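In TrEMBL this protein carries:
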DOMAIN    27-289  domain 'Era-type G'
REGION    35-42  region 'G1'
REGION    61-65  region 'G2'
REGION    82-85  region 'G3'
REGION    151-154  region 'G4'
REGION    196-253  region 'Disordered'
COMPBIAS  243-253  compositional bias 'Basic and acidic residues'
Amino acid sequence: HPPPVATDKEEQKRLLENRPDQPRNAKVLRIAIIGAPNAGKSTLSNQLLGRKVFPVSRKVHTTRCKARGVITHEDTQLIILDTPGLTSPLKAKRHNLDEAMLTDPWDSMKHADLVLVLVDVSDHWTRNSLSKEVLRCLSQFPHIPSVLVLNKVDILKKKFLLLEIATDLTEGIVNGKKLEVKSTLKQDSRSSAKFPLRITQASSPESKVPRSAFGQEKNQAQEGSGLDRSSDIGGVGPGEAQGPEHHGTEDLKDVKGWPHFQEIFMLAALRGEEVDTLKRYLLMQAKPGPWEFHSDVLTNQSPQEVCDNIIREKILEYLPLEVPYGVTQVTEMWEEGECGELLIMQSLLVPRESHKRMLIGRGGKVISKIAREAGQDLMNAFLCDVRLKLRVEVK
């Protein structure tokens, strides 16, 4: 079971400053998850962690800062860099976003050993091409191995479209090999009923292990669908081991996909489907190296930040349009009650009287719902009883 987040600020600080409890053969992998806003990055991060510490909402730009999640499994530590959605300066201005929202994803890439590119296949406007920001990010760091993750496949009614999407986003090449399509028949017991397509790479004679993570049986992910440590990135020949070329921004104008992905995974992060397959793959990619965090650490966020983010997630969920982006949160009380429960009181400051009415709702329904749902999520993060009170004021 993943550890809870400490409820006491000092205790969490102590845990973060603690020297990690290094096992004998420690392994580590830093993973940057990038994608367009609302692709499901935080949902996937929470599912991988096994506890909710990152805010999730249908509105864009719920994640405002680069927070880290820590998965410690036996001798391996995975560090997830949950980043804000890649956005442009114009959109950042429209949503009143900090400058950091533009630089944080790039910053995370600099520290990553592996990058997961998340694409929402349920969005028919954007699913057949990677966003310019994502392509720019990948071409800026071509030496970092990248994996394509097709998310929300459960929502896609026409599963055969996954083939077209995968081909477009990879330009028909995965791990240096051309994609081959195999239609999986119903009597094929190995295939997943949920994902009726199996796509494999046309493997070269010398490769012993099928590299693709498409529709493979789960135990295969454990045994070695991972990339070979010695292989060149993008599967280039011996004479050209530099990996993919660095593209200038102007070269990306007509580019839709990235032909240097090592693997493709298809999953439904919200329902947790196939997330374990991805997690096993990530654990296999870890390389020998010292742990960064103590095994009792789940996130580098303070308890206060976890609380603020979760409350803000609910405000984003239940308020219309741009209204939630103008709410300021002020914590008035944070203490332990007589029975060990956590008592939190927070004031929500809004710029207008009309916003106050919206946030409270008729008969206090909206604010009660926000407090109830946020309280539930905080119990899951802190693993203790939480009593949360919210007050709305015009600032």
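Note that Cβ sites are derived from N, Cα and C of the backbone, with glycine treated the same way.
Remember, TrEMBL labels are computer predictions, not curated facts.
Long-range contacts of the region 'G4' (151-154) within the same chain: residues 39-40, 44, 118-122, 162, 194-195, 266-271, 273, each at least 6 residues beyond the stretch ends and with a Cβ under 8 Å from a Cβ of the stretch.
Within the region 'G4' (151-154), the DSSP-based counts of helix, strand and coil residues read 0 helix, 1 strand, 3 coil.
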